[in-house]
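Participant: Quick one: structure below, then a few questions.
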């Protein structure tokens, strides 16, 4: 494809390489380093004048460093006369801080949106935003892609009894997501209501729905410390589920998450590769990874060629 350049930040170079390979492109040359005072320095090592530039950087690892690196890369390309700069952010940072949940609390997701725009981003491509209204924080186009088509494909190919499964949301906020998946599989859905007094701490959970003698599939957009999904798995087994799977778009797995998964009753915990999982898989045999590079690559191709990306909301590209 002419007049297109793809650059990778340092947060997820493996995913960036897969995207570039699917597009038949080489990753652009970029040098990232830290000064002795820990300031980030980025040098774009090739011309981007008049080019359609895509910068792949996921909000993971050292998130603040990754975000700052992305902002500097966007700005470097913009002031080097790139015709358009698109930030490809598979896992959007600060997405959970999307509203004021108490007095004097910040709306950090809006701040990140402002920073990306001011840095010079013309377009954002992301996946399964924690809150879809974050798209409205931007004054530039935002394509929020969905992992759902790849999730449906994985379920059909890897769970033999999927026709006798039940899709479960671990909280009320995910009801729309699970009903969509359940409708397409033509199966039932259930809901777990949780009462949370403090962040990352769940006080009690109530199951709404019948999971007896069924394979239960927990579906959520992300898992961080995994307290919620592990408690939910125990609740589902005690309610009569034969097996329990968890399918998550963003596997953050911070703190004691991996040890919790290892001791929990999951058949498998399935995540996409919006966040690197290689190190975590070494310590947890239950983790399975769905590759979503083909969705991001096709979104880039369609954006570059001026085509609609809505096809990707319901189909897995070849």
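Yeah, the Cβs are placed from backbone N, Cα and C, and that goes for glycine too.
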Participant: According to Swiss-Prot, 96, 97, 98, 99, 100, 101 bind ATP; which one of 123, 130 is annotated to that same site?
Facilitator: 130
Participant: I'm validating the feature mapping. Which of 180-195, 196-211, 212-227 is tagged region 'Binding of phosphoribosylpyrophosphate' in Swiss-Prot?
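Facilitator: It is 212-227 that Swiss-Prot describes as region 'Binding of phosphoribosylpyrophosphate'.
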Participant: List, in sequence order, the same-chain residues at least six positions removed whose CB sits under 8 Å from that of residue 96 (ATP binding site)?
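Facilitator: Expected: 109, 130.
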Participant: Looking at the binding-site residues 128, 139, which one has the fewest other Cβ atoms within 10 Å of its own Cβ?
Facilitator: 139
Participant: Sequence gap of 6 or more, C-beta under 8 Å: which same-chain residues meet both conditions with respect to residue 99 (ATP binding site)?
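Facilitator: Residues satisfying the criterion: 107, 131.
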Participant: Between 98, 101, which of the binding-site residues has its C-beta surrounded by the fewest other C-beta atoms within 10 Å?
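Facilitator: If we count Cβ atoms within 10 Å for the binding-site residues 98, 101, the smallest count is at 101.
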Participant: Long-range same-chain neighbours of residue 143 (Mg(2+) binding site), Cβ under 8 Å, sequence gap at least 6?
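Facilitator: Set apart from residue 143 (Mg(2+) binding site) by at least 6 residues yet with Cβ under 8 Å, we have 123, 124, 125, 126, 299, 303, 309.
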